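**Student:** Just passing along the structure, written as structure tokens.
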Amino acid sequence: MATINDNYLKLKAGYLFPEIARRVKTFAEANPDAKIIKLGIGDVTEPLPEACRTAMIKAIEDMGDRGTFKGYGPEQGYEWLREKIATHDFQARNCDVDASEIFVSDGAKCDTGNILDIFGKNNKIAVTDPVYPVYVDTNVMAGHTGEVNDKGEYEGLVYLPINAENNFIAEIPSQKVDIIYLCFPNNPTGATATKDYLKNWVDYAKANGSIIFFDAAYEAFITDSSLPHSIYEIEGARDCAIEFRSFSKNAGFTGTRCALTVVPKTLTAKASDGSDVELWKLWNRRQSTKFNGVSYIVQRGAEAVYSEAGKAQVQALISFYLENAQIICDKLKGAGFEVYGGVNAPYIWLKTPHNLSSWDFFDKLLQTANVVGTPGSGFGAAGEGYFRISAFNSRENVLEAMKRITSQFHL
């Protein structure tokens, strides 16, 4: 008889965002005239940059001609895109990253989960709390944890609390961990990391033989020139870190799907016999076996991000969403909310008013203002009493949402 992966049974009921969608659907069906504004899931609203659209249209025409038609592409991504990424995103910041170390994929979310395929089951995993739920859930699915406890924490994971007291920056653990998830600018809190802070993590990882999974999906929103965009801006990071990036939020590719993972060829981990194994070789083998590459059309669109027109259009998108974030911060602070993030990041992290739980505030906001956000507790036990609002929406909707919220809550 066929059996299942029992680890899936450990998962808490419902992934965060489907649960939000379920509650919103129930409310909308009961209140068909309500004009709901969604500032919850981090999905973009503005159109793809013209440079990307033009390149993709040209690529479609390429597919209509036998001479330029493309079938299966390289699983790692086309060389012309990987070279552009290496030059503009890394080498321009003095990061020692070669095009051959870049793997183009269909999403950073996929890669942060799939990367576990090349790691053993006995690694001690550290995550911040609150944290992007995918990091935790994929480790549960892979059998790297025990059962969930009454606090909503999984046995076997090391949770590093981030809160207002430590400026939402996790402290280096006193114990040894093998894999560390870091996300900066941070989802969900909007916190950022300095070079000195990341250097502490790199030093820790090198001293303990640990690997850092660095999620830089929101690096394009950094406007402070002193802040690092990549873990590879830190000396020694090539020997202890894998970086994940995405075109989703900077170029609006959430529905188009294109991302990348950097695995340095100098990066190694231990085999069961104690020998050092190059992780690049394992990830290359994994991708060649389980992934057929991102479509030619999409990769041409991603390549256009690095054209002069593409750069300007992407920057305009980023500035638009950051202006939304500024509006949200200003309006909520003016109404008396305790607000964090929203600077160098597209997410605003706020303390729920009147000691409401995260989900109670979600329901109250939906019912009274018809606005959707994300309960902080959905990102972990330490997120209880907090709430995330996304800057990814139209200006009209952001202004209307702030008008509704501040009319219902003035603290």
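Each Cβ is built from the backbone N, Cα and C atoms, and glycine gets one as well.
Feature list, courtesy of Swiss-Prot:
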type    : residues                                                                              : note
BINDING : TYR15, GLY42, LYS109, TYR132, ASN187, ASN292, ARG388                                  : substrate binding site
BINDING : TYR72, ALA108, LYS109, TYR132, ASN187, TYR218, SER246, PHE247, SER248, ARG257, ASN292 : pyridoxal 5'-phosphate binding site
MOD_RES : LYS249                                                                                : N6-(pyridoxal phosphate)lysine
**Student:** Determine the C-alpha span of the pyridoxal 5'-phosphate site listed in the record, that is the greatest distance between any two of TYR72, ALA108, LYS109, TYR132, ASN187, TYR218, SER246, PHE247, SER248, ARG257, ASN292, in Å to the nearest whole number.
**Tutor:** 34
**Student:** Around ASN187 (substrate binding site), how many other CB atoms lie within 10 A of its CB?
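**Tutor:** ASN187 (substrate binding site) is surrounded by 26 other Cβ atoms within 10 Å.
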**Student:** Nearest to ARG388 (substrate binding site) in three-dimensional space, by Cα, is which of the recorded positions TYR72, SER246, SER248, LYS249?
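**Tutor:** Looking at Cα distances from ARG388 (substrate binding site), the smallest one goes to LYS249.
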**Student:** Please classify the secondary structure at LYS109 (substrate binding site) using three-state DSSP.
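**Tutor:** DSSP assigns LYS109 (substrate binding site) to helix.
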**Student:** What residue among the binding-site residues SER246, SER248, ASN292 has the most other CB atoms lying within 10 A of its CB?
**Tutor:** SER246
**Student:** Taking LYS109, LYS249, ARG388 as the recorded positions to compare, which has the smallest set of other Cβ atoms within 10 Å?
**Tutor:** LYS109
**Student:** Mind giving me a neighbour count for GLY42 (substrate binding site)? Other Cβ atoms within 10 Å of its Cβ, every protein chain shown.
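**Tutor:** Around the Cβ of GLY42 (substrate binding site), 21 other Cβ atoms lie within 10 Å.
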